[in-house]
Amino acid sequence: MNALLRHRNTPKLGTIAVLVLIAWLLPYTVGSYAIHVVDIAIVFALLAIGMGLAMGIAGQINLAQIAFFGVSAYATAILTTHNGLGFWPAAALALVASALIGLLVGIPALRMQSHYLGIVTLGLALGFINWTTNAKIAGGAEGISAIPVPPMFGVDLSSEYLYYYLEVVVFALALAFGLFVVRTGLGRRLMAMRDDPLAAGAVGAEIPLLRMTAFMLSSVFGGLAGVLYAGLIRYIAPETFNISNMFLLLAMVVIGGRQSLVGCVVGAVGLTLIREQLVDYPTYAQLGFGVVVVLMVVFAPTGLAGVPARLKALLDRRLGRTAERSVMRPFEPYEAGASREGGKAADGESRPLLEIKDIAKQFRGLKALKDVSLTVGYGEIRGIVGPNGSGKTTLFNVISGFYRPSGGRVLMDGQVVSGSRPYRLSRHGLARTFQNLRLFGELTVRDNLLVALDRSRTYAIWKYVLWPVGVWRQERRLHRRADDLLRRFGLTEFATAAPGSLPYGIQRRIEIARAMAGEPRLLLLDEPAAGLNGEEVRQLAEIVRSIRDSGVTVVLIEHNMGLVMSLCERVTVLANGSVIAEGTPAEVVADHAVIEAYLGDSAMAEMPLPNPTEVSS
Ligand SMILES: Nc1ncnc2c1ncn2[C@@H]1O[C@H](COP(=O)(O)OP(=O)(O)OP(=O)(O)O)[C@@H](O)[C@H]1O
């Protein structure tokens, strides 16, 4: 069965039918005040979903949600009462306005993250509140009244009972859309960005655009809530969009579980109902919510939505259940053949794939790289060795766009690529792994691979609105390819596991599989054998050879000299940021400068020339 169809969180049809029935019958069972509270709860639920998308899914702290809500509510009010527009055209323009404001608020996220972003978004929300209180067009402290009842084919939406049904339909569609986003490519990329923006960029995720997208999504949900609120209450005033409501919203998302949209809805509905019960004690209610939020952050950071998984993990630990196998299946070699003979490019030219020309990198006073030059031909396996701190990882970081060089150029396939962002380099055919593993910790192993397999551009998210079938088909293709990749790398058994729960050797292999998912031409492996046992190193050598035989050029940094000697045709030696030797493994280990550089370095000082068969398959 397709993995997509057996998604662990896909709601059952029966559950949906029961929920629809409850939603349908609810107005028949409650009084007019209760239905008013439910109508308000739905508005908050929409706001909470938007906030969950930005904060929980994309990891972007957004304290401006109340402003997105306000912008569309005010835009609807102003356009209908001042400009005489009908309710629905005004609502459509209000949605556009809040999406644009969302993009605007997202701009600071390009430069700053975490609490700085929180402060800036909060500042923008305060600015908006200030505007509503002072601007004449916004009605000042008195607000705007007499917003018209939304027309709906003769249905009287001034009745809160009938308005409830409109809200339920809009809410259901919005939640379904949110879940669709979260469970497909865009959501995965947003989550990958949340877990590790550097690694996400390295597998092709356009981080700046994704950050803007997160704020835009959040603002559209805020905008929907604003329109519904304006149509429901038909009067708006600054007190609805104040900081205490922003805090309440934050509490809903944190308590419900910011990484789960359903959790956000539960938090929003639950806290709206509780707030109504405590309406006579607003100060105590605020204080109570504050205490609960602090307790949740400390003891249950994943909120109510995360409680079942935590309980299950606890139970499994208590019962000593370890469901996962800890041994990988064998790697299935790639088909050989695409390998370029004689260091030639695809067009037959004999230029190298990678040219590094006089690269320098300075960190304040420290010259980590000094005029490093080297070339790597097509189909080569190049080793980069050197004592600790000699600049190897810095060189990789420059090649892969993580660092801008202080001088010199990097060319790939004859094209200057130095200074390009990691996601552009990924699309140009570069992939890498990291010395300290950088897997997306909150995603499953399959999702880690899916993020890298998905090469669609961020601008293609228009399909989510206009052509969701296309998104769905693409998902099916990606899941099939992920299954193939999992099988090739012997990882099928671990597909649904969290990478952090797996042994180190398996995590290293997942990282190589993820790098290969992007079908690179050049693969940079940063200490791929670190932490592996002897058998795993032997398997690694087999994998790297097969990758090269499939036509991918490999450059690896390694301290395991046995592996370097057996695998690499040529080795470049760095010391103190400079290339001190280059040649075949036998040549470099006999080089005087190399021996001197390594004196005192235990990895190589006593290095006998290893027998290549030690690590070969
Ligand atoms: N972001 C940074 N800021 C300041 N200094 C840095 C930064 N990154 C690396 N360095 C310094 O640059 C030098 C080279 O570091 P690098 O990590 O490239 O060495 P390496 O050869 O990869 O070492 P190892 O084998 O231990 O991984 C070191 O002195 C290191 O402290």
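Each residue, glycine too, has its Cβ placed from N, Cα and C.
No curator has checked TrEMBL annotations; they are predicted automatically.
Residues or ranges marked as domain 'ABC transporter' in TrEMBL: 354-601. Sequence annotations record features per position, and here TrEMBL assigns transmembrane segment to 12-28, 34-54, 61-80, 86-107, 114-131, 162-182, 214-237, 249-274, 286-307.
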**Q.** Within-chain partners of the transmembrane segment (162-182) [C-beta distance under 8 Å, separation at least 6 from its ends]
**A.** 23, 26-27, 35, 38-39, 42-43, 45-46, 49, 52-53, 57, 150, 152, 155-156, 191, 217, 221, 224, 228, 231-232, 261-262, 265, 464, 468, 471
Q.
If I take every residue in the domain 'ABC transporter' (354-601) and average their pLDDT values, what number comes out?
A. 92
(Q) Can the transmembrane segment (86-107) be said to touch the transmembrane segment (214-237) if we require at least 3 CB pairs below 8 Å and skip pairs under 6 apart in sequence? (A) yes
Q.
At a C-beta cut-off of under 8 Å, are there same-chain residues at least 6 beyond the transmembrane segment (114-131) that contact it? List them, or none.
A. 60-67, 70-71, 105, 108, 138, 238, 241-243, 246
Q) When you scan the chain for residues with a C-beta under 8 Å from the transmembrane segment (286-307), skipping those not six or more beyond its ends, what do you find? A) 244, 247-248, 250-251, 253-260, 262-263, 266-267, 271, 278
Q: State, in range form, which of 34-54, 61-80, 214-237, 249-274 has the highest count of Cβ pairs under 8 Å to the transmembrane segment (12-28).
A: 34-54
**Q.** When counting Cβ pairs under 8 Å to the transmembrane segment (249-274), the leader among 34-54, 61-80, 214-237
**A.** 34-54
